[in-house]
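*Asks:* Would you mind keeping the following structure in view while I ask a few things?
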Amino acid sequence: MPSHSHPHSHPHGNHGHDHPHAHDHAAACGSAGNCNNCNNCNNCGDASAPTPAAADGALLLRIPAMDCPTEEALIRQALADVADLGRLQFDLAARTLAVDAPPATWGAVTAAVARAGFTSELLSAPPSAEATASARRRERTRLLAALAVALGAELLHAIGPDDAVWHAAGMLFAAVAIALSGFAVLGKGLASLARWRLDINALMSVAVIGAFVIGQWPEAAMVMALYSLAELIEAASVARARQAITGLLALSPTQAEVRQPDGSWRHMDAKAVAPGDTVRVKPGERLALDGTVSTGRSAVDQSPVTGESIPVDKGPGDPVFAGTVNQSGALEFRVTRSATDTVLAGIIHAVEAAQSQRAPTQRFVDRFASIYTPAVFVLALAVALGAPLLLGWPWLAAAYKALVLLVIACPCALVISTPVTVVSGLAAAARRGILIKGGVHLEQARRLRVMALDKTGTLTAGHPRLVAQQWMADDLDPMRWRRVARSLAARSDHPVSRAIAAGLAGEASEAQQPLPVDDFGAEVGRGVQGRVDGHELILGNHRWLHERGLCTPALEAAMQAHEAQGHTVSLLADAHRVLALFAVADTPRASAREAVAELQALGVRPVMLTGDNPVTAQAIAATLGITDVRAQLLPHDKQAAVAALGEPGTVGMVGDGINDAPSLAAAAVGFSLGAAGTDTAKEAADVLVMNDDLRRVAETLRLSRRTHGLLWQNITLALGIKAVFFGLAVFGSATMWMAVFADMGASLLVVGNGLRLLRR
Ligand SMILES: Nc1ncnc2c1ncn2[C@@H]1O[C@H](COP(=O)(O)OP(=O)(O)OP(=O)(O)O)[C@@H](O)[C@H]1O
Ligand SMILES: [Zn+2]
């Protein structure tokens, strides 16, 4: 059994495609039940699960008014009392809920949903994307009609004579407009009030009903229509941000051409293709599955998966990915993963999961809004009661002013701005082949001041080659001993051993079988040992030989010469003396030097971490422009080094995700390169760079800074507009619909601002 001296402690798992990710929705906009202010949450960055399938034995409900994760949380709470329920799958975009439950409980489920304040209807099949889209269109038409009728009410009020008939007509117009646009808002608002929750729906409901009661019915109608319309537009904008991600999924075709046992080719559903099957793609076609090329050569455009714009040449043995486009030649490949398990599916899943986590700024905004909204409620109440009593204002004027304040209090723009910006940032990163596992990491990346970079496989390509061998004793038959060395090296899959084994095998003239190795063992950070052909041998680095007292000044001088060129030296020794020296060379990655320079330009200090010896490490670091090198580190030393490199929260780490899981986890933000190429789940890393381009690390930091900038621009913008209107309302003559209009404007402004991240 081949042994690997890297501690593979790392749990192997996939991204968990069966992850019940509907559970994360509640957290998407306002931690569950705490999103007091957000009716707009249908717009929040929550990831909508794929439309729930109406599996047998599942109850599928359409809940028309459910468009916010807060509401989802309410329904969840209500359903908690119902016994025997399985998984709940919420789809806020389609407004459906699928419940795994025996039919006997269905009555209890609908009753619980009704108790939470929602009407529901039974569906036999999940609504299609077109159905959802056409429902959106109908809603838009309805709201535009409501706006027109509300304008009519304003008009009647402005030009109509002051008599009862005209008043009645105006009132009727207003009522129709409110009914057209505001039923859902009023329903949810009253339900919230009944539970003593001051959310946006409650706010709007009080404002509209209040305005109606004090005789400002055209105003009430305008407020309702504009507010509902603004919400719809925001929802569409957020849908766009999310589509940037789910659009990726549409990239992999549903059909694949599969070889049949009789040798013929047949088009099949990609989901039905099993690993091991052979699939072919013609030039210009998109791949439906992941695999390894078996025949053919072609250039493949991998931009959907890795973000790299230049097509990559593929030949037999190379990995190919679902969603990528075959360009020049026909390819046949052996499928390595089922359709639900492809790298692309993993990306989409991870980004969806990332969206449902709250970034720190989002949490801050929620906390702020949850204090701010009730505070303004109290202030409005104080104006309505205090101004007439203390300042002698007319009651009606004071009540109107109070209602204007309520509308101004609506923190839509504030609440909507952060999730849109964060989701856009995550989507923009995903498009560049950078997978960020949560808004937290996107926000954190800008704080990094030190970047620890693993040497082997990160700064270098990780495919060292044997470049020199030197036999230290005259009495050895090199032919025979090369075979011995190769046999020992071949037992390890450490890159250094592999390079030695491969280099020596390439030299073997006849087909020499490797010799058996007994008592094989690997020593982390040192090398391997075993008994070959009756000799107790070790193959390892200077450190190990030195510890065993086998080192001599002459040997050190010989090693020094190789190490100064950046080569890694391994020594073959028996119990008494050193027999041979092997030097392997690893080439720095093409983009590494540039990547290091980019990090430095961002004010981030690059530090090389390696288990290799200091001289070799220094030599390689020098070619890359890195001055700070920490060498001869064991895996746990690396972890300690990461922790000691800077203030907590400021040290990032880039590794290959396999042997450096502990240090990746210790870093504030852990980056892993080449994530598309390996099966290993990169669970320890926070950011996965799909291709091998180290420059994506600096790009992530830049994106993080831009996102942060936009977040605060948006927060300032939203609050600034509020402040202006607050002043106007208190000291001037701002009307209610002006306040709503301003809020709508502010919301659209911040949403548009956030979506700018999506532009390349
Ligand atoms: N199985 C092995 N065969 C040969 N040499 C080994 C082996 N294991 C460790 N070594 C020696 O120990 C050194 C440190 O190994 P370690 O695995 O800790 O670091 P690495 O992964 O090679 O480098 P980096 O830390 O830069 O990723 C290697 O450079 C090599 O010289
Ligand atoms: Zn020595």
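Indices start at 1 and increase along the chain as displayed.
Glycine is no exception: its Cβ is also placed from the backbone N, Cα and C atoms.
Relevant sequence annotations retrieved from TrEMBL are reproduced here:
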- 1-25: region 'Disordered' (REGION)
- 1-14: compositional bias 'Basic residues' (COMPBIAS)
- 15-25: compositional bias 'Basic and acidic residues' (COMPBIAS)
- 143-160: transmembrane segment (TRANSMEM)
- 166-186: transmembrane segment (TRANSMEM)
- 251-352: domain 'P-type ATPase A' (DOMAIN)
- 371-396: transmembrane segment (TRANSMEM)
- 402-429: transmembrane segment (TRANSMEM)
- 710-731: transmembrane segment (TRANSMEM)
- 737-758: transmembrane segment (TRANSMEM)
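Please situate the listed features within the shown structure.
*Replies:* Long-range contacts of the transmembrane segment (166-186) within its own chain (CB-CB distance under 8 A, at least 6 residues past either end) are made by residues 39, 64-65, 142-143, 145-147, 149-150, 152-153, 156-157, 160, 201, 204-205, 208-209, 212, 217-218, 220-222, 224-225, 227-229.
Secondary structure of the domain 'P-type ATPase A' (251-352), assigned with DSSP and counted as helix (H, G, I), strand (E, B) and coil, comes to 20 helix, 36 strand, 46 coil.
Only residues 6 or more beyond the boundaries of the transmembrane segment (710-731), in the same chain, are considered here, and those with a CB under 8 A from a CB of the stretch are 361, 365, 401, 404-405, 408, 411, 413-414, 417-418, 421-422, 443, 738-739, 742-743, 745-747, 749-750, 753-754, 756-757.
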*Asks:* Can you name the far-off residues of the same chain, 6+ from the ends of the transmembrane segment (371-396), with a Cβ under 8 Å from a Cβ of it?
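*Replies:* Answer is 36-37, 198-200, 203, 214-215, 402-403, 405-406, 408-411.
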*Asks:* Please work out the mean pLDDT for the residues of the domain 'P-type ATPase A' (251-352).
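*Replies:* PLDDT averaged over the stretch: 88.
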